[in-house]
Amino acid sequence: MNPSSLAVQRPIGTIMVIMVAVFFGLLSLSRLPIDLMPDMTYPTLSVVTTYDNASPEEVERLVTIPLERALGIISGIETINSTSSRGTSVIRLSFTWGTDLDVAANDIRDRLDRAMRTLPEGIDRPQLRKFDVSAAPILILGATANLDPATLRHIAEEEIGSRLERIAGVAGIEVWGGRERQITIRVNPVALESYSLTLQQVQRAVEEANRDYSFGEIQRGDFEYQLRYPSRLQGLEDFPDIIVERRNDNIIRLHQIATIEEGHVRQERITRINGEPGVRIAVRKQDGSNTVEVAERVKREMLHIERAFPQFRMITLSDTSTYIQRAIANISYSMLYGGSLAVIVLLFFLRDIRSTVAVATAIPVSVVATFVPVYFSGLSLNIMTLGGLALGIGMMVDNSIVVQENINFLRRTPPWDTRQTASLGARQVTPAIIASTLTTMVIFLPLFFTEGISGLMFRQMAYVVAFALLCSLIMALLLVPVLNCGGNTRGAHTSRWSSALLRIFNRMQNAYERVLHFSVQRRFGTFAMVALLFILSLNVATRLGSEFMPAADESSVRIFVEMPLGTRMNVLDEQVRSLEEQLRQLTPELRAYDTRVSRNGRAEVRLSLLPPSQRQRSSEQIASDLRRQIKLSPGTIVRTRAEQGLFIMRMLSSTDDDRLEVVIRGHNIAELERWGDIIEAELATIPGITDVRRGQFASSVETHLRVNHDLTSRMGVQVEDVMRAIRASMDGYQVSLLRKDGRESPVYLAIEGEGRGDLDAIGNLRVRSESGQTVVLRQLVSIESADGPREINRRNQQRFLSLSANNEGRDIGSIGRDIEELLIGLEMSAEYSATLESDFQEQQKAFRELIIMISLAVLLVFMILAALYESVKAPLIVMVSVPMAFIGAIMALWISGSTINMQSLIGMMMLAGIVVNNAILIVDYAIRLQARDGLSALQAGIESAKRRFRPVLMTSLTTMLALMPLALGIGEGSEAQAPMARAVIGGLFSSTAISLFIIPIVYHWVMAKRGETLHGES
């Protein structure tokens, strides 16, 4: 039995079933996790290795290259990127999409275990890290207090951090800033020599004294006890009595050759909050927890923390939850306003409140019911899923409109029965609305077979749209017929407002029929005009800009400061303090800011702005103004960047902060630098490029120590002892870790004296040979000055130099094309190459994937129609509406100033399934007219277009007006969906307007050749 007939026969039972769906929908909505973006794990794993005090070239030669060779044979790796800087090697392994990262991580650990034998002695074990979008901080807090830096950090880590970590849903916290305590053993070199001791002996003595032994369990009576030998070092006061060596009856203790002091670890970074010394606390949530709820709990706990620690002043520097809340609220309002506009359109065309209510009720019921499959599919409430729901609002009433229109049509022919017409009206159009729903749903099928960021991001949106359309189909077949069973209201009404609306619509109908006959009579001219419009749209498409994702104002601006290599941190800090003062004066929209000054000559200030609704300038305008207004000393480089790309795009960008990157590959650093100079000069001439900077290989003056390995071998001196002595003469090196009262303090061994770090003092150091003789260090090493790279970057086991930049006032695609033309014109040798990468490369890759998906979607729609109609000709007629949609989509993007991006391309893909629905209504009815009434193909096409004019206009207008609030892009979060909505509105407008005239003509051309009629209604 047809479901509509069953629903009409059992209306109470049908209503109860729908109410159950609504109840479970509301319950599912209350339990859905809320997040900014869909859960996704970018297929990247990083291996970080620390090799203290080693130069970038040493790190590359001794650490990076051996690890790259060991890891490069792991299956599924797409790209290997590595950075060798002073004391650190970072290798980033990018895998193909779909790779099981858990399996890959196990392979990497196995390879690292084997590679450890090839790494230098004493090197830290490589750490494996996974990149997960959900692991990014949901909150960044700032804390200041009138305390010393070590106490400030300790309270932030141990007191505040522990309280935050106990909050439900918090995975962990990370603290930056302040200073860590350090115990330093400063050895007197004269005393060391007089006792004929070495640093190795001192180190072993400290390690032995701080060792904790565990021997297992012993039994005593009915109980078991742990037997252990605790460390003898419980505090700073225990260090002086450490026995370094016993000689007969003489005991040499540590205080006889060294002084022990408690201080701070060498400061590598200065952190300030709103200009005051402070710490930054990053809060990460547990996977699957609700971002908004976790953030609210953290903010409530902050109030308790401020009461418990009145000396602390805490502020929120970054809060993802507020952006999520505002974005979701704005999209929800867009859905509400769009649904209201759709109801107004229904009232205008139906001229009957009861019919309007019957159709309009399908919107909220379908929306709420959609949350049931969303919940059981494990999806979250995010920008993508809500965007899909907003896009589906207009389409949710399409099926109900078709059913209601057919019911009203049957009511115009008396005698009629309420239940019979409701059942028959739904039953007659069931095949057509099933076909239209399937064609809309099938366009998303390619997303589930596409590897890459486009498929990953839009898959959840596809799920939601499909669920919403399925629910709307069920409501059209069950709810609308039931709501049409009550009363004996006829289709025609005589009220004044109804009569007025009828007169307006009749004028529209008559005007359409006149233009239709005119178009049919001059069908070749009509077709030529449409072809001309299509060619014109192709020309406009080439003039549209392109970008990866639409910009979104995230109320944040970042300022980067760089000074020449070797600049002392305090000198850089003076410039940054001047910058902070300027920012306070130049940025009235400033809410808070935090500052990080690093020892590597770089600093960053991050501005947190007021929400967009509370300021006149956008974040991009503020960044542009600051770029021109900031004045610092000569030689200081300042770059500004508004955080406008969606969060996920920043996280996936290979250059983190810059959207354009030219990569020059080769081996010789000097040659790479030469090409870097040439390309950098050329980039500065391209309009729209700002903040060009050299990423790597910036030279720094270094002092090199060359060890004579032949001599050390003959004299029985270990090279490691030489290195240890040199490190002790500088800032020292860590030999142990003291744990006390829950705090860990590193223990460093260093040489005492004012000459620490002086070249002559280093040359006078002594080491002991295996035979017990002391050897002056200058006998074993030579000292020379040389230039060395700041850091060495490699990609796929080849060195490269990168030039990065941002864009201003011009889209990425246009700038990218200019850069590619520049690079093609370079005459580089075969060993060297230059390519444009970063956002542009990801954009081109995603565009290619989406174009393939659009093509597949069109093919799938055709195949579905061919299967339903059991014919090839009818689907060909229907598919004529698809290129008509391209005309309006392109023109809408051009008029609104939008670009070609992932969102607008997804909108065009959706059009392939939406616009065919109108054509299906016309063609389906024309086939029935030919089969039932024996009309010619031309007569059937014209008559079908006339009779389907109203439902076609209704479905198109409801969809377009429902998307209008989203297309306006008002409010945070809606900017991301606006290009998609604009493309759909424009495409649907042009396809509807043109198809109403073209489809009858094409139907005549295709179906009249042999005068054939197709049997069956579908």
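Backbone N, Cα and C define each Cβ position, glycine as well.
Computed from a predicted structure; not experimentally measured.
Listed in TrEMBL for this protein:
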- 12-30: transmembrane segment (TRANSMEM)
- 331-350: transmembrane segment (TRANSMEM)
- 357-376: transmembrane segment (TRANSMEM)
- 382-403: transmembrane segment (TRANSMEM)
- 429-449: transmembrane segment (TRANSMEM)
- 461-483: transmembrane segment (TRANSMEM)
- 524-541: transmembrane segment (TRANSMEM)
- 850-869: transmembrane segment (TRANSMEM)
- 876-896: transmembrane segment (TRANSMEM)
- 902-923: transmembrane segment (TRANSMEM)
- 952-971: transmembrane segment (TRANSMEM)
- 983-1006: transmembrane segment (TRANSMEM)
Worksheet item: Considering pairs 6 or more residues apart, do the transmembrane segment (952-971) and the transmembrane segment (524-541) have at least three CB pairs under 8 Å?
Response: no
Fill in: Contact call for the transmembrane segment (357-376) and the transmembrane segment (850-869): at least 3 Cβ pairs under 8 Å, seq gap 6+
no
Practice prompt. Run the contact check on the transmembrane segment (461-483) against the transmembrane segment (12-30): 3 or more C-beta pairs under 8 Å, excluding pairs closer than 6 in sequence.
Written response: yes
Worksheet item: Mind checking which residues reach the transmembrane segment (12-30)? Cβ under 8 Å, same chain, six or more beyond either end.
Response: 6, 365, 368-372, 374-376, 381, 471, 475, 478-479, 482
Response to the item:
Lying 6 or more residues past either end of the transmembrane segment (876-896) yet within Cβ distance under 8 Å of it, the residues of that chain are 530, 533-534, 536-538, 540-541, 543-544, 858, 861-862, 865, 904, 907-908, 911-912, 914-916, 918-920, 923, 967, 979, 982-991, 994-995, 998-999, 1002-1003, 1006-1007
